[in-house]
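Asker: One structure, pasted below without further comment.
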């Protein structure tokens, strides 16, 4: 979700939008958008 696995930038922007410092695609086949815990 949120751009993963193909568009990690979309995931990063989603995380920024919820006041995290960013995010990345993680999990099985990188299909999960994971936000950094800051």
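Glycine too: its Cβ is placed from the backbone N, Cα and C atoms.
Source: prediction; values computed, not measured.
Straight out of Swiss-Prot:
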type	residues	note
DISULFID	4-25	disulfide bond
DISULFID	11-33	disulfide bond
DISULFID	15-35	disulfide bond
Asker: Reported as an integer number of Å, what is the Cα distance between residue 11 (disulfide bond) and residue 4 (disulfide bond)?
Answerer: 7
Asker: Here's one to test understanding: among the disulfide-bonded residues 4, 25, 33, whose C-alpha is closest in space to the C-alpha of residue 15 (disulfide bond)?
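Answerer: Comparing Cα positions, the candidate nearest residue 15 (disulfide bond) turns out to be 33.
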Asker: In the three-state scheme derived from DSSP, which category covers residue 35 (disulfide bond)?
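Answerer: Assignment for residue 35 (disulfide bond) reads strand.
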